[in-house]
Amino acid sequence: MLITRVRPSWFMASAMALWSIVSTVTGLTKDFKGLLLTRFFLGITEAPFYPGALYLLGIFYTRKEIATRISILFTANICGTAFAGLIAIGVFQMDQVAGLSGWRWLFILQGIISFIVSVSSAFLLPDQPLDTRWLSEEERKLAQSRVAADTVQLQANTSTWAGLSEAIRDPRLWVLVTMQHLHLSASGYKNFFPTIAETLGFGRNVTLALTCPPYIISGIATISWAASSGHFNERVWHITIAKAVAVFGFVLACSTLNVGARYFAMCTFASGVYACNSIILGWVSSTCGQTREKKAVSLALVNTIATIGSIYTPYLWPESDAPRYTTAMLSSAAFSVAAAVMAWILRWMLMNENRRLLRTGNHTTLLFSY
């Protein structure tokens, strides 16, 4: 809600700078209480970033373009995860340098680098289309008008509280919230990816290195699938097919102990899960973007409620389930199926809304996409 009332570039840069400071302090903590406090504030300062980034993309790109742009943003996250293991291998070599453990150096270095990036982002990130200082007057008007012309049931901007009210009263948003929650619950494996790779039977460094290729493959799949969704202006079948691929990977992973087959399964379910993330979030932006306030609130609600899955999904990975982790794999498969079902429910809702719009004689050339 706040990002609609301040300069988005400053909002994003400030949040990132605060996160960087907390990250650096994390590496200097001396006891459990300090670690707990810094972890809490890491979450607080990290929270605005992803919804804020999605909002910025949503006010500049049309519904055919948004999924691909989100996929590029998301792939940066995937690549960060992919190379995290390799970076950790290098940074852990600094163990006991200046008397600090390797894990402490990891937090300190990422905090320093992120702070430098945050300062530059204050000048590089855009604001609202009509207020972005490094666009010409003509470019500002074009950026504003083309998104406005692509928004179904566009309304004048309103107050932040009105935007919140409009968002929570829109049943389509809650279908999207449920869909994204199920989707992220299906991706609960990401915190246990090194654990899954460890069951392949290799040493620590090889295990960390093996976590990299599946994420790289997933990044390529994410951008390609989002581009296809935008090209055909289609979402439901793209989500369904991606989830079917994920289900196949999850079932295969818990059905065999063959090293090659399990590694193939890791690449498969990671690609299937990640491929539809940007499509769902782009769908939120285009379906619930009648005002910029409603769009911001909708994206924030979807992201906030979706992350609740990270509270309970770790309990699906008991050590006693190793090496197959059948409970977790089959649960992720079930979450994937349920997410696809929600996509079809939303399709039915939007089809009915489009019929209503056509009956009124208004908005006949601009209907909801599914």
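Yeah, the Cβs are placed from backbone N, Cα and C, and that goes for glycine too.
Keep in mind that TrEMBL annotations are predicted by a computer and have not been checked by a curator.
Marked as domain 'Major facilitator superfamily (MFS) profile' by TrEMBL: 1-355.
Long-range contacts of the transmembrane segment (9-28) within the same chain, counting only residues at least 6 positions beyond its ends with a Cβ under 8 Å from a Cβ of the stretch, are 2-3, 35, 38-39, 41-42, 45-46, 48-49, 52-53, 56, 100, 103-108, 110-112, 114-115, 117-119, 121-127. The transmembrane segment annotation in TrEMBL covers 9-28 (among others).
What TrEMBL lists as transmembrane segment is 40-60 (among others).
Residues or ranges marked as transmembrane segment in TrEMBL: 72-93 (among others). Nonlocal intrachain contacts for the transmembrane segment (72-93), taken as residues 6+ away from its ends with a CB within less than 8 angstroms of a stretch CB, comprise 53-54, 57, 102-103, 105-106, 109, 190, 193-194, 205, 208-209, 211-216, 218-219, 222-223, 274, 277-278.
The transmembrane segment annotation in TrEMBL covers 105-125 (among others). If one looks beyond the transmembrane segment (105-125) by at least 6 residues along the same chain, the residues whose Cβ comes under 8 Å of a Cβ in the stretch are 8-10, 12-14, 16-17, 19-28, 56, 87-88, 91-92, 94-95, 97.
Residues 186, 196, 225, 228-229, 264-273, 275-276, 279-280, 323-326, 329-330, 332-333, 336-337, 339-340, 343-344, 346-347, 370 of the same chain lie 6 or more positions beyond the ends of the transmembrane segment (236-257) yet place their CB under 8 Å from a CB of it. Residues or ranges marked as transmembrane segment by TrEMBL: 236-257 (among others).
Under the heading transmembrane segment, TrEMBL lists 296-317 (among others).
Feature annotation from TrEMBL assigns transmembrane segment to 329-350 (among others). If you look at the transmembrane segment (329-350), the same-chain residues 6 or more away from its ends with a CB under 8 A from one of its CBs are 171-172, 175-176, 178-180, 182-183, 185-189, 235-236, 239-240, 243-244, 246-247, 250-251, 253-254, 269, 272-273, 276, 280, 283, 287, 313, 316, 368-370.
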